[in-house]
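One structure is given below, encoded as structure tokens.
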């Protein structure tokens, strides 16, 4: 798990002769080397306290976690003060310059003790509020249900618009408005910390992780690049929903009521049974998993087997001993949002996930284990380089594997499908399933941090916060809440990452990167040839390909020891984030959607 502060990196390999370094450079280097082991132990202690709190939300664990985080912040502030006397920009050694920059840019730890405790408390309260929301069940109001698993499953399975509307309102009211005061307190303190670290605001601190002043503009350009494909998908899905629910529920020309899209946040559209165009013999994989007596443990074992089949590392024994892969039934409250954790020493890596026996959860297991593989592959590096090349790289690894896992070819290989249908109808169904999973996430993730950037920048205030959030969701994604939401409501913190202070652009970047990684890996595996209908990107499975695994391993093993453009080039040969691989993957679907929407006379776009 990434540290809440900018990761404090603590070791340095000398690449230039000490005799060539200035006295300041040598002195800075000695300080860095001197604190190495101490920082590793302190990071282990802070992550342990965070794990204990997230897995058991008691007041005592919250108190201990806050105390340990404050101790760590005080320590790194001291290290930063020791290094602040140096003008690192004058250092000749580029690696040392980069290291001291990170060590002196310490995020929230720069705040006073009082302010630091206040921002930690605000985020902790938001997380706790989010995790503890319970609402009366729709059919039996005497029974209380949680986001995981009951509300999530209701959105995925129910097609009763009143039930979905009920759960939407209850969830957003419960997880949103109660966190508004703490959210804006956190924003103010984050901006204060940003100023103390030399940034204009909290948005700039997040964007700085991508080390490119034009990166926000690059993301804007990618949204423009994928917009035609998304608009066709949106128009088709809205038309199908209008046919199913009727014009009183879905207007064929307006934004889609988001509670009908199969996901609490409409970030992925889990409504395949309503929009797939062709009836085929393909079984429902959720049912197959249940029929074959899958357990959470079996899901994790399958994931490990995939990674080892391409030459990556098995999970250490401590992973199986210390991970939490099922929601405990001992009555405790915990943060069920799936996450992967790196404890910095002793190869201690873990996953915390309230796993359900669904194919969606099965893919999430692979996503989280992708983080673990990253931790293991760069574990040989000095701690300064034990991080993703940029935040999106870490998120993309497991999702790249999941693109193979989701193919009928792979499901047949591991016994989840008896046979693979290769006719055009099955292929379009497969692409549409993947399309409603992947494509809606791009405008969602784009807006989620674009909105928070504007909060940090002061454009969005507590007075206009909610209407501007929904205006942005409608403008870029064409979705709308099931009822009118006003500035008396506050809905952004009904998403975990806003309540937990997690930067979200990484997921947008990851959704683009995964297709770049996938294409490069498929070529190396001999699974993809352009213009060959027998070897398409959508049908590629890199399972058991050591050639693909070697390329992935080489990239992962670099950690952040090189700029992310260099790491990307190692596997893809490219140096820029680009949506071309994604568009190539979905090209057959795009052509089909244009033809089908013309036949249906489906409206494209939505009224503002």
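Cβ coordinates come from backbone N, Cα and C, glycine included.
The annotation signal peptide is assigned in TrEMBL to 1-21. According to TrEMBL, the N-linked glycosylation site annotation covers 56, 93. Summarising the annotation, TrEMBL assigns disulfide bond to 336-354, 522-540. Among the features that TrEMBL reports, Zn(2+) 1 binding site is placed at 367, 371, 395. What TrEMBL lists as Zn(2+) 2 binding site is 367, 371, 395. Annotation comment: TrEMBL describes 368 as active site, proton acceptor 1. What TrEMBL lists as active site, proton acceptor 2 is 368. Per TrEMBL, the feature active site, proton donor 1 maps to 497. Feature annotation from TrEMBL assigns active site, proton donor 2 to 497.
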Same chain, 6+ residues apart, C-beta under 8 Å of the C-beta of residue 56 (N-linked glycosylation site), given in sequence order: 332, 333, 334
Shell of the Zn(2+) 2 site beyond 367, 371, 395, same chain only (C-beta within 8 angstroms of their C-beta centre): 340, 368, 370, 394, 396, 397, 398, 399, 510
Cβ-Cβ distance under 8 Å to residue 371 (Zn(2+) 1 binding site), same chain, at least six residues away: 340, 342, 394, 395, 397, 398
Residue from 93, 336, 354, 367, 497 whose C-alpha is spatially nearest that of residue 540 (disulfide bond), among the recorded positions: 367
Which same-chain residues, if any, lie at least 6 apart from residue 497 (active site, proton donor 1) yet have Cβ under 8 Å of it: 448, 503, 504
Conformational class of residue 371 (Zn(2+) 1 binding site) under the three-state DSSP mapping: helix
Largest tally of Cβ atoms lying within 10 Å of a Cβ, found at which of the disulfide-bonded residues 336, 354, 540: 540
Spatial neighbour of residue 336 (disulfide bond) that is closest, considering only the recorded positions 93, 367, 368, 522 and their CA atoms: 368
Nearest of the recorded positions (93, 354, 522) to residue 367 (Zn(2+) 1 binding site), judged by Cα-Cα distance: 354
Between residue 368 (active site, proton acceptor 1) and residue 354 (disulfide bond), the C-alpha gap once rounded to whole angstrom: 12
Cα separation, residue 522 (disulfide bond) to residue 354 (disulfide bond) (Å, whole number): 31
Residues satisfying Cβ distance under 8 Å from residue 522 (disulfide bond), sequence separation of at least 6: 528, 537, 540, 542, 548
Surrounding CB atoms that lie within 10 Å of the CB of residue 367 (Zn(2+) 1 binding site), all protein chains: 23
